[in-house]
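Trainee: One structure, pasted below without further comment.
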Amino acid sequence: MLPIISGEQVQQVDASYCSTEKISSLDLMESAAISFVDWLMPWISDCNKPIYIFSGPGNNGGDGVAIARLLKYLNQTVHLIYMKEVADCSQDFQDNFHRLPNGISVSKFDVWDGKIEKDSIIIDAVFGVGINRPLEGPYLSLIKILNKLGGLKISIDIPSGLPADQAAFGTVFKANHTATFQFPKLSLLFPEHAELVGELHILDIGIHDHFLDKFERGHFYLRQGDVLAFHRTFHRFSHKGDFGKVLFLGSELGKSGAINLSGYAALRTGSGLVHIAPFMEDPFRMIPIVPELMLYQDSSKTSLNQFDAIGIGPGWGMDVDKDYFQSIFARFKKPMVIDADGLNLLAKYPELLKEIPQNSILTPHLKEFERLVGESANHLERIEKASSLAKANKVIVILKGAHTLIALPDGRKIFNSTGNQYMATAGSGDVLTGMLTSFLGQGYAPENAAICGVFHHGLAGEIASKSKLRGMIASDIIESIPDTFIKLNVL
Ligand SMILES: NC(=O)C1=CN([C@@H]2O[C@H](COP(=O)(O)OP(=O)(O)OC[C@H]3O[C@@H](n4cnc5c(N)ncnc54)[C@H](OP(=O)(O)O)[C@@H]3O)[C@@H](O)[C@H]2O)[C@@H](O)CC1
Ligand SMILES: Nc1ncnc2c1ncn2[C@@H]1O[C@H](COP(=O)(O)OP(=O)(O)O)[C@@H](O)[C@H]1O
Ligand SMILES: [K+]
């Protein structure tokens, strides 16, 4: 898995890579600039919009200068505005500055006329991971001007002003796209920075992952190439029992959709037998959304041992009696999935946290998380609280949202790469519960179930949203689950 390195360590990674590969830091900057320009090609190949590049004094600014040169070679109209006397800029900035070809309009910010043509492309290379204090003076004035402009605005590595590992302080450039090098900086994954980062793109500049491994500090980014290793494989002689028998407890009157969605998602994820137990006086009156789902009546006296995994909470309501709720932890000792009102009940009866079977998976969205652990000042604090909750109770906490976090009991924190905004639709979380429970029931280790569940859920959302966009509903995500296995060639 791709380690997420701290901003402070980026320079050490660069130095280690350059000395091992016997290249200069200028060569590395060139690879970064080439990968950026390659990535930019679709936006510039059939139009000749003016491109304005704003370069600060460090190596982020140096990237901007190298990119200006490469874009000029591609016959683009390039304006380069730099901020500080060239002699006071980083060495690699200076070296690139002296290589600039003719035909680029180059101005220092304090004498620049301030004109930006309509429909220009704006490239922010003011500060990268080296930002160490809030923007002020000319930097602040520039970013304020740029933030008022429309059009295509792209940040190189990180929006200028945003620290790599902390919540934003002060004014930050607002990008529509951020093209970050090699790995996502932690702060690019915070929901409160969504408006600053825009769409996130990770550009490979050639540094092998194992150079990053030496600097890892327990934060990882989960990509498609990583997921296959976490899957179980089945063979021709596998039978229904191998694929697991699972149960969902939830759905009070009026919310019958919730465990129906979880159950249906479990079937599409590969479960052999799926039961749903609505929290209703006569559960057998509910009509399952697909005939493959079986109805079940649960009571605090019934054994749950026959099931390989259970998922509790979707649509349950808060009328669930404490004794009955507690009885579930006594009747089912294997890892389970706890979602929605299951989490709200834990927030109501926090003394029961200690009774949850080890390695169970808790799936709060931000509000449910707040009910469990209180308010957080920012996402960094939330990440730490999720990790503490996981460690203290030996459970896996899946903090849902864009870049869902999987906090493991051993302290590792994994951020997901799949999914999109169209997944913010009713029942999408119930689908995730179904998928996670299904993987547990298929005998996946809880950590692997969490990783596969979160990744495939996001991927199913991406696939379904291609044709549905804003009209996508949770059932569409379920229908796309099989395509995720096909895409990853998981047999
Ligand atoms: N492997 C990779 O990832 C690669 C990374 N590369 C690129 O390098 C970038 C990191 O470069 P960097 O270390 O030079 O930092 P960067 O942000 O450009 O400048 C910081 C300078 O600005 C200053 N300063 C700080 N805050 C300030 C403020 N508020 N207001 C005013 N000044 C402020 C501070 O100096 P100070 O004034 O504190 O002495 C510091 O010298 C990285 O993001 C990526 O784009 C690629 O080239 C190659 C591969
Ligand atoms: N912008 C987004 N990007 C990626 N995934 C998202 C986004 N918004 C929501 N999701 C995913 O959709 C699901 C929503 O879950 P939840 O809020 O519990 O929905 P519900 O309660 O309606 O079932 C989560 O898995 C979350 O990660
Ligand atoms: K930048």
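Cβ atoms are placed via backbone N, Cα and C, with glycine included.
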Trainee: Which single residue out of GLY374, GLY429, GLY434 does TrEMBL record at the AMP site shared with LYS400, GLY401, ALA402, HIS403, THR404?
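Mentor: AMP site check in TrEMBL: besides LYS400, GLY401, ALA402, HIS403, THR404, the record includes GLY429 out of GLY374, GLY429, GLY434.
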Trainee: The K(+) site in TrEMBL lists ASP124, SER160. Which one of ASN60, ASN75, ASN96, ASN102 belongs there according to the record?
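Mentor: Looking through ASN60, ASN75, ASN96, ASN102, the residue TrEMBL assigns to the K(+) site is ASN60.
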Trainee: With a radius of 8 angstroms around the mean position of the C-beta atoms of LYS400, GLY401, ALA402, HIS403, THR404, GLY429, what other residues of the same chain does the AMP site pick up?
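Mentor: Output for this site, in sequence order: HIS365, LEU399, LEU405, ASN416, GLY419.
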Trainee: Among the binding-site residues ASP124, VAL129, THR404, name every one whose Cβ is found under 6 angstroms from ligand 3, counting any of its atoms.
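Mentor: The binding-site residues passing the 6 Å Cβ test are ASP124.
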Trainee: What is the separation, in Å, between the Cα atoms of ASP124 (K(+) binding site) and THR404 (AMP binding site)?
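Mentor: With the alpha carbons as reference points, the distance is 27 Å.
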Trainee: Taking 10 A as the limit, how many CB atoms besides its own sit near the CB of SER160 (K(+) binding site)?
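Mentor: Excluding its own Cβ, SER160 (K(+) binding site) sees 27 Cβ atoms within 10 Å.
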Trainee: Report, in whole Å, the straight Cα-to-Cα distance of THR404 (AMP binding site) from ASN132 ((6S)-NADPHX binding site).
Mentor: 28
Trainee: Inside 8 A of the center formed by the CB atoms of ASN60, ASP124, SER160, which other residues of the chain have their CB, for the recorded K(+) site?
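Mentor: Neighbours within 8 Å of the Cβ centroid, excluding ASN60, ASP124, SER160: PHE54, GLY56, GLY61, GLY64, ALA125, VAL126, PHE127, GLY128, SER155, ILE156, ASP157, ILE158, PRO159, GLY161, PHE173.
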